[in-house]
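*Asks:* Submitted below is the structure of interest, expressed as structure tokens.
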């Protein structure tokens, strides 16, 4: 197969696609059907050199290197002369169309679309790697980026394919009108008048469609942004039972999206009505002018020649609304791309840094200020000099700008002041950055540590040793090859931080920027990491470490400490002896350090932490063969049975009236023949004796002197019925498509939100995003477009065949073999085409996952100077997708060639049958034969259009198939599907509960191949007891909370609430609704502060929330923060980690649950804020279980302490017992 691909690449590059290349792909199903599953990525063609992503990358390099560029130069560099040369080919093809032969426009489309998809996807990604973080936060969310890379790029592709048709169709129209003029004389002006009337109407409709399309895309951006945020935080959402809240929120956004989609569809329906009715209206006006005004007599020759020419008009007239729609939506997407590419990017880091070559000074700031918005600095006037081997500490309260300072040093924020002085080696090699919100890739532990650097065994072992990861990795299945999920979902908070530290250590940079890495570590591990990693591994080797932390005890040996106030100003800077005594008493520092030294002598060995272990990420499955009947049934169900029947009836009425107009014209022209003119015998023959004698002949006698008016009146009546049928069909179809879009999205969203936690852990976010973006977009727009064409083609074929076969019965025998040939051609092509579509869809999921990983890790990627690797990986993933797309278009060309060949054969047979009928058999009168020949001339195009549109419809139905796959197969937590709003399963005996908790011999393991995470745990807590769980990393602390929240099933024992309610007997949502839970990684979504606080408090308004915050002593904080209307960016990126934790705890305090579970949620807070929130939670009078690493304040804030080790309780008692330790 690879050798064939090599040959294919060479031949396609030379502009040649032959049966020898494509036929083996089409017929592979027949030869391999019983041996292996059908098609995979390796089976498809390689890309030709012109579509090679490395080639396109070099072409794109120039416009992307500019600080701000627009979309047009990028497009022109990709296409160059080729695009305009294709326009010349289009012109020649349109001219030759009137002579008979038809050029294959599919080849033009394939060349354009592949190159466009390759270039634009790559251009968006390359541009993303060049945009500083503050621009991503402000201007483009991940939802908007995903929308750009799935919907907007498709629209640009449609725009490019429609561009030449846009100018080509008017040319077809003008030539056809000229030929009509040659036949009908000045009567053609009536057709021109009808066309001119339609132009301003279409212009108005087009402007409205463009307006609503732009608004719909903005709403879609918001929906996808929220979907992206939820996908990355679904564990927290499910453990808090917030699924219904966010399902409602997404559905409300979806309703706005569907509102604009409805406007677009209805306007489109009007547009379709106008242009679908145009051929008949033009015919009517031309004939009326010709007979009633010019008083000319119709002849069969004139009628059927005019009809044939008007049939040529049907294609451009019917296709023009779609082409116009593609042009409008493409221009909307073009403007969105313009806004993206015009963002000022980082062309040269030297605009932020001034290189220095001093051997000891690595970095120097001279009164620099940093912020996320222009003239809104978060940190001001920072000044310090960093030399080799120094430790510089940054301290300050929550929200003081510590994290912004580190990111600002990386040139990811707005920088004011002189350029930062930076060692030349650092400028080229980068920094080692570990943020609070740790970024990890989906891959193995080893891949995350190496981060594409060459592997060195000694260097690798040293990195994991000094970061206390040795025992964790040894306990993992597969050890360093253990695969972690996206963003490290299979690891605990402490393991994530230490893995990121190990990556930084392995990178071996000169400057290390560490943002509070000790917050997620217990005292023992934190002390070990500080001593062995920071002191022995980094400082001793001349590395500069800049450390932001709330754990001041680790700054006792710092060379410089910079203290920030709450406003981001430098309060003071100096040595630990000058700064630390004013923050923490020396006695506390020394006591803590001594305790740490004692703990360092202890054993760090622990089993794998409560690591939310999940199985390795599964490969995405796909269906095989053609689309199954159940998918069609599902789509009909989504539309609604009665609405589907109405659409079907409207299509029948439309085609019947359309054929009736032509049949009546045939009668009209035949009536004008001298031998038939107004003959009763003629009418009785054509209409049947009883019907003609009773109805037609009396009417004719009344109009004996003006039989032209008689025929024209009947003609007008039929045209009127056709117009009503066309309008009805257009609006019914628009309504049906909206119903289907709403139904399928609602079912899909509901199902994935009800999916169990294990499924979310195993499923990459890109797959979920792919379903809710690309597949939903296809159901919204592309599928209705193709289905509309398919149904219109089907009924047109039926009408054409009925009329043609009635007029020419001989065709029945002649056409039957051809239909058999058509059947076998489509049989093999359909299977190949659908399989290729499935591969295209599957290969998109890794693209979205990679994009999502890149957006969340942009700062780390750029700091390590590994952008080139991520760009290379993007090209590889994109190459897989484009190979399948290219193969699909090659297969389409294969089909097109055979269809055109068969079409010419069909035309020959029809003409032969006509000649035989007229000259020998004489089965029909000439007028009807003339009409049959007119229809027969178009039967090839109709048949070809049906086959092509049906195959394209089936290809788009793959998206419905993929949606149905999730709807039917995603495992849910509840055994039966029920509304998320339904809380009927909560027993009345526990509402309200008191808050007693009892663990009886509870054991839990995360996977059969792993040891027990907790083993035979027993304890009892009375209602209102405030309990702290302490222990080293991996001791089983988090597993206690996971067991309570039913995140994983317990293996033995039971958990009782109020001594009589077993949690295992409650539904998942019911059980979790009993608790309030705050995780190590707080969930914050884009919106206002009020939106984030009201997730679980929807009954509270602004005034009530402000009053509650005032009661908790946080009024001053709220005022400094910016009030409840303060805008929070996606994922809370414009907030410090401590601020996010504070908001999460404040949200919990507003809910007032009877039992609160906190997993080290104050770790990133300064001491003052930590004490404030501890007092706040302690004063709520509820049962509290908190995992803590800070041992200070246990006496004040807790009634009971449980110490865990190796999954068991080793000691429990009053806080005083542990303070004496």
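Note: Cβ is positioned from N, Cα and C throughout, glycine not excepted.
Predicted, not measured: the structure shown is a model, and the values here were computed from it.
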*Asks:* Tell me which of 877-896, 897-916, 917-936 corresponds to the transmembrane segment entry in TrEMBL.
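*Replies:* Here TrEMBL associates transmembrane segment with the stretch 897-916.
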*Asks:* With the ranges 225-251, 306-332, 333-359 to choose from, which does TrEMBL describe as transmembrane segment?
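*Replies:* Matching range for transmembrane segment: 306-332.
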*Asks:* Between the candidate ranges 762-793, 794-825, 826-857, where does TrEMBL place the transmembrane segment annotation?
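*Replies:* Going through 762-793, 794-825, 826-857 one by one, TrEMBL gives transmembrane segment for 794-825.
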*Asks:* Counting only pairs 6 or more apart in sequence, are there at least 3 Cβ pairs under 8 Å between the transmembrane segment (794-825) and the transmembrane segment (638-656)?
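*Replies:* In contact, yes.
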*Asks:* Which value does the mean pLDDT take for the domain 'ABC transporter' (997-1221) in this predicted structure?
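*Replies:* Within the domain 'ABC transporter' (997-1221), the model's average pLDDT equals 82.
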*Asks:* Can you tell me which parts of the same chain pack against the transmembrane segment (638-656), counting only residues 6+ beyond its ends and a CB-CB cutoff under 8 A?
*Replies:* 721-722, 725-726, 728-729, 732-733, 735-737, 739-740, 743-744, 791-792, 795-796, 798-799
